[in-house]
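The next block holds one structure in the form of structure tokens; read it before the comments.
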Amino acid sequence: RESDHRAWTPVSYTVTRQNATVQGLTEGKAYFFRIAAENIIGMGPFTETTKEIVIRDPITVPDRPEDLEVKAVTKNSVTLTWNPPKYNGGSDITMYVLESRLIGKEKFHRVTKEKMLDRKYTVEGLKEGDTYEYRVSACNIVGQGKPSFCTKPITCKDEIAPPTLDLDFRDKLIVRVGEAFSLTGRYSGKPAPKVTWLKDDIVVKDDDRIKIKTTPTTLCLGIRKSVREDSGKYCVTVENSTGSRKGFCQVNVVDRPSPPVGPVIFDEVHRDHMVVSWKPPLDDGGSEITNYIIEKRDAHRDLWMPVTSATVKTTCKIPKLLEGRDYQIRIYAENLYGISDPLISDEMKAKDRFRVPDAPEQPIIKDVTKDSAVVVWNKPYDGGKPITNYIVEKKETMATRWVRVTKDPIFPSTQFKVPDLLEGCEYEFRVSAENEIGIGDPSPPSKPIFARDPIAKPSPPVNPEAVDKTKNSVDLSWQPPRHDGNGKIIGYLVEYQKVGDEEWKKANLAADSCPETKYKVTGLTEGLTYKFRVKAVNAAGESEPAYVPDPVEVKDRLEPPELILDANMAREQHVKAGDTLRLSAVIKGVPFPKVSWKKEDHEVSPKADIEVTGVGSKLEIRNTVHEDGGIYSLTVENPAGSKTVSVKVVVLDKPGPPRNLKISEVRSDSCYLTWMEPEDDGGSVITNYVVERKDVASAQWVAISSSSKKRSHIAKYLMEGTQYLFRVAAENQYGRGPYVETLKPIKAIDPLHPPGPPKNLHHVDVDKTEVSLAWNRPDRDGGAEITGYLVEYQEDGADEWTKFQTVPMLECVVTGL
């Protein structure tokens with residue numbers, strides 16, 4: 001029962017043991033208990049507890065404290081912390097007992113005598129270099145509990161730890177102007193590090209806006225009301241004797257841009273539009289300029305009209321202006337963070353100030369050649385802007401399309417040499433001028449010109465002379481002029497004058513009737529003396545005359561023939577076959593002799609080209625062959641006499657085919673070839689013979705000798721039973737002649753002999769009209785397999801044998817007897 005109640009409450013009716021557990025009691029309340037014994041007869045008297053029992057857990061000493069840790073060590077102190085025990089023994093902790101033991105000693109000693117309830121304690125007055133271990137116990141009203149686990153041995157010395165740095169900010173930070181920002185973080189290190197803040201490598205100091213706060217574990221840089229100048233690379237350095245750590249942050253304080261930089265420049269002004277330009281803002285606000293906003297205003301009105309807000313260039317065309325009105329332009333710069341203040345221009349009147357250049361006057365063409373011409377023009381009015389280029393164009397007179405003569409600029413020269421003209425074509429040229437506004441109109445076309453070299457009159461002919469004469473004519477000869485005046489010489493004019501007269505008469509009326517450098521003047525009077533002169537003529541006109549030095553008396557003259565032999569008319573002339581044979585000689589004589597060529601007293605071959613000129617003769621045979629060799633003679637004859645020269649011509653050629661090719665001594669692996677030298681050695685000694693063979697089944701000839709000088713050869717290494725063809729050619733220094741070939745194939749086999757006689761011929765049976773015979777094989781087969789046996793019979797007393805038949809076997813039945 002509860003102590004303040006009178007009623008008893010049964011706990012159990014049947015307990016056979018001498019103990020019982022009472023459940024369902026309330027902690028903190030006082031109870032009385034009673035017990036009675038019972039048997040089958042009945043229950044005995046109760047026995048009651050003498051005093052009340054208060055219900056509560058039993059009290060013990062506390063458990064050992066948890067997590068004893070060393071927090072700091074110096075050369076003369078150690079700071080320790082710990083956590084309370086998991087169970088306090090049922091009573092509050094009244095104090096903690098901290099003990100230490102010097103390493104090397106056995107006993108722990110209490111560190112402090114005063115009552116200690118804090119769970120952190122610094123042991124001071126230690127000796128530097130000593131090593132201790134520590135433990136701590138908890139106490140309650142029952143007593144002192146178990147000590148904690150010992151710390152590791154701790155040596156008294158100043159602790160060293162390199163700095164650590166943990167930042168709360170990233171590498172980049174963007175802040176709007178006027179806003180505050182801070183850079184914070186945590187750090188550690190032993191000894192305590194020094195904290196330094198830098199901006200763009202310059203130390204940051206406190207002022208009204210900038211605050212730096214540093215605690216033993218935290219750091220902070222704060223800026224109020226940021227301005228654009230706060231942008232930069234911030235660096236915090238944490239440094240002690242063991243090292244340093246750094247953290248960086250690129251802070252960009254952004255704002256709208258500053259105004260574009262003026263003044264506004266009017267690059268172009270026209271009656272209906274202008275082109276303006278300006279410079280970018282000095283400060284883009286920390287963010288790239290995304291566009292410019294351009295507006296225009298009539299100076300007599302207050303309203304600003306938008307032009308564009310989508311340009312990123314620093315130039316803009318202002319369209320739709322009214323001619324004669326004054327305009328102002330204003331320009332804003334814009335970035336992601338806003339629009340700048342405007343840049344406003346001066347007033348500008350809309351009217352044409354500049355235009356393209358005028359058309360030049362008609363150009364003049366000079367210094368014309370067959371492939372070029374120089375175009376010259378005068379500078380036109382430049383339209384108010386300097387001329388920067390001239391454009392020269394050409395076209396053929398009959399064409400319609402003009403073509404630029406060069407892509408390169410032509411300036412400041414007012415003339416240009418046009419290249420690449422086609423000789424003989426007629427061209428026109430025109431010129432346009434260009435300034436920064438554009439290209440002006442072209443000039444009128446030039447006068448047409450032909451692309452050809454300029455022509456002057458030629459110089460006089462050179463060295464005119466009288467080379468022959470008769471009773472009514474004189475033959476003149478000269479050399480071409482030294483200079484043709486850049487024009488083709490059309491021909492020559494020949495004039496003559498009778499000695500004593502003043503008048504020169506023309507021997508030919510037109511220059512083209514005398515295109516050669518010689519002329520025969522006819523119709524002269526025998527016995528008179530004449531002077532002669534010659535003029536050269538081209539398209540530009542006649543040259544000055546060139547005079548024959550001395551007057552010429554017209555009469556017949558006789559000179560016997562004379563032959564001046566060229567080098568190719570030596571006593572013997574060698575020509576390689578296929579080359580051209582040339583025989584020539586200079587011929588003189590008056591009158592000019594009759595010329596005849598002979599070959600060994602016969603007419604020369606029709607293939608020979610014979611040319612006779614007034615000064616000589618030439619015989620030419622192209623693609624000579626061996627038969628063109630022989631003795632050639634040249635005879636010249638006139639009334640004053642005759643002269644003959646001869647030359648032996650040898651045509652050197654490849655030799656002819658060898659003769660009489662024969663094969664003998666055929667064996668199974670060789671045969672013997674013989675032949676005779678060619679009838680024609682080609683005019684050169686035969687140096688060697690080439691011998692080749694060919695399997696009849698093959699298309700390919702195989703050389704078996706190419707250097708033999710003999711006229712025979714043993715062909716070795718033949719394959720038995722194979723049929724071969726052979727051929728032989730002769731060679732000299734001019735090449736290899738044609739082959740002579742065997743007519744029939746030669747089979748590589750040993751020579752055959754008739755077989756020996758059969759052996760042991762005997763009859764095996766006899767009848768009245770037939771006899772059965774048998775025999776054995778002969779001893780020798782003659783080098784080839786025996787194909788059969790010829791059986792003959794003879795009547796007794798007769799002279800001749802009668803053939804019966806050929807049998808393949810070693811037996812035969814002769815019938816019909």
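If you go along the chain as it appears here, the first residue is 1 and each next one adds 1.
Note: Cβ is positioned from N, Cα and C throughout, glycine not excepted.
Sequence annotations record features per position, and here TrEMBL assigns domain 'Fibronectin type-III' to 1-58 (among others).
If you look up TrEMBL, you'll see 64-159 (among others) marked as domain 'Fibronectin type-III'.
Among the features that TrEMBL reports, domain 'Ig-like' is placed at 163-252 (among others). Secondary structure of the domain 'Ig-like' (163-252) per DSSP, as helix, strand and coil residue counts: 3 helix, 58 strand, 29 coil.
Marked as domain 'Fibronectin type-III' by TrEMBL: 259-353 (among others).
As annotated by TrEMBL, domain 'Fibronectin type-III' applies to 359-454 (among others). Residue counts for the domain 'Fibronectin type-III' (359-454) under DSSP, helix first, then strand, then coil, are 0 helix, 38 strand, 58 coil.
Sequence annotations record features per position, and here TrEMBL assigns domain 'Fibronectin type-III' to 460-557 (among others). Counting residues of the domain 'Fibronectin type-III' (460-557) by DSSP class, helix then strand then coil, yields 3 helix, 44 strand, 51 coil.
Among the features that TrEMBL reports, domain 'Ig-like' is placed at 561-646 (among others).
Annotated domain 'Fibronectin type-III' per TrEMBL: 657-751 (among others), in sequence order. Mean pLDDT across the domain 'Fibronectin type-III' (657-751) comes to 91 in this model.
Residues annotated as domain 'Fibronectin type-III' in TrEMBL: 757-817 (among others).
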